[in-house]
Amino acid sequence: MSKPASRLPSSLVLVGAGKMGGAMLEGWLAEGMPPQGIAVIEPRPSEEMARLCGERGVALNPKEPAAPEVLVLAIKPQMLDEAAKDLDALVGSGTLLVSILAGKTIGDLRKRLPTARAVVRAMPNLPASIGRGATGAAASSEVTEAQRLVADALLRSVGAVEWLPSESLIDAVTAVSGSGPAYVFHLVECLAEAGIAAGLPADLSQRLARATVAGAGELLFRSDLSAATLRQNVTSPGGTTAAGLQVLMADPGGLKALMRETVAAAKKRAEELAG
Ligand SMILES: NC(=O)C1=CN([C@@H]2O[C@H](COP(=O)(O)OP(=O)(O)OC[C@H]3O[C@@H](n4cnc5c(N)ncnc54)[C@H](OP(=O)(O)O)[C@@H]3O)[C@@H](O)[C@H]2O)C=CC1
Ligand SMILES: O=C(O)[C@@H]1CCC=N1
């Protein structure tokens, strides 16, 4: 028997078209998913979302978008109880539920949407909005290989996908790659402030910090070299980088310990959002 092929679904309902839902929708459309197969449920759509749906022919808040092949949940975890009241009616026995909600476990989702059997819990990140996301995903035992490939195609349309051997890893994934872009953006803020303290005009320092992190990220993306090797390539013996890194890499008190605490705090918060 031939293996099932990776493919986008023929019908999909997206619940929550905010930052992440909107980014995924754009990715699916860019991948060529037929807009008439997509319905969006979003009580207060942004003007941009309403325009996108109107222009592309995606149904926005249709009356009866029942039993799609895939239902994607992209609301805030805190909204789940409120939203779930109306959602189980949309789910068919063959519907694959894909959730990107931080913290909410497959068990939590099943409790709210008891008709859903096959569930994929995924954690993408904001660079999905430019097709450069990183997603970790785990599937419940009811998910067939064909359904897993459909979820893979949906998630891969906005970036790289890592299938996890166990759902138990997903809170750590959330803390590293889900929240990670915010740590990097904060690094830009800190580098710019440090530049101002070192005497640069504010706007120049901000431009330099932003371009530096963007360029370093692009280099990481394009290069086969490890982050450690790339770091060493910047660091001339006895030079300026070595002097700076001596502070940043101090043990104790350096970035390593701070990052460990940062990730631990984010993971703990993901665990608290369960239930
Ligand atoms: N932002 C990120 O970087 C990432 C977020 N996530 C996860 O993605 C999910 C969405 O996050 P994000 O996109 O940032 O949040 P947003 O607030 O941007 O999007 C959520 C959207 O859902 C809408 N909404 C609220 N209630 C309902 C409902 N009952 N039915 C349908 N839609 C509803 C909200 O409308 P309104 O605002 O009017 O209430 C909003 O537009 C979260 O669970 C988060 O954990 C995962 C990875 C990365
Ligand atoms: O901050 C949050 O809870 C979500 C999940 C990962 C990124 N944003």
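Yeah, the Cβs are placed from backbone N, Cα and C, and that goes for glycine too.
Feature list (source: TrEMBL):
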- A74, I75, K76, P77: NADP(+) binding site (BINDING)
- 13-103: domain 'Pyrroline-5-carboxylate reductase catalytic N-terminal' (DOMAIN)
- 167-273: domain 'Pyrroline-5-carboxylate reductase dimerisation' (DOMAIN)
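The structure, with features from TrEMBL marked on it.
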residue: A74; record: NADP(+) binding site; Cβ contacts under 8 Å, 6 or more apart: L14, V15, G16, A17, G18, M20, G21, M24, I100, L101
residue: I75; record: NADP(+) binding site; Cβ contacts under 8 Å, 6 or more apart: V15, G16, G18, G21, A83, L101
residue: K76; record: NADP(+) binding site; Cβ contacts under 8 Å, 6 or more apart: G16, L101
residue: P77; record: NADP(+) binding site; Cβ contacts under 8 Å, 6 or more apart: L101, A102, G103, K104, L273
**OP:** Compute the average pLDDT of the predicted model within the domain 'Pyrroline-5-carboxylate reductase dimerisation' (167-273).
**Re:** 98
Original post:
Given the recorded NADP(+) site (A74, I75, K76, P77), which additional residues of the same chain have their Cβ within 8 Å of the Cβ centre, ordered by sequence?
Top reply: G16, G18, L73, Q78, M79, L80, A83, I100, L101
Original post:
Mind checking how the domain 'Pyrroline-5-carboxylate reductase dimerisation' (167-273) divides into helix, strand and coil residues in DSSP?
Top reply: 87 helix, 0 strand, 20 coil
Original post:
Do you know the DSSP helix, strand and coil residue counts for the domain 'Pyrroline-5-carboxylate reductase catalytic N-terminal' (13-103)?
Top reply: 39 helix, 17 strand, 35 coil
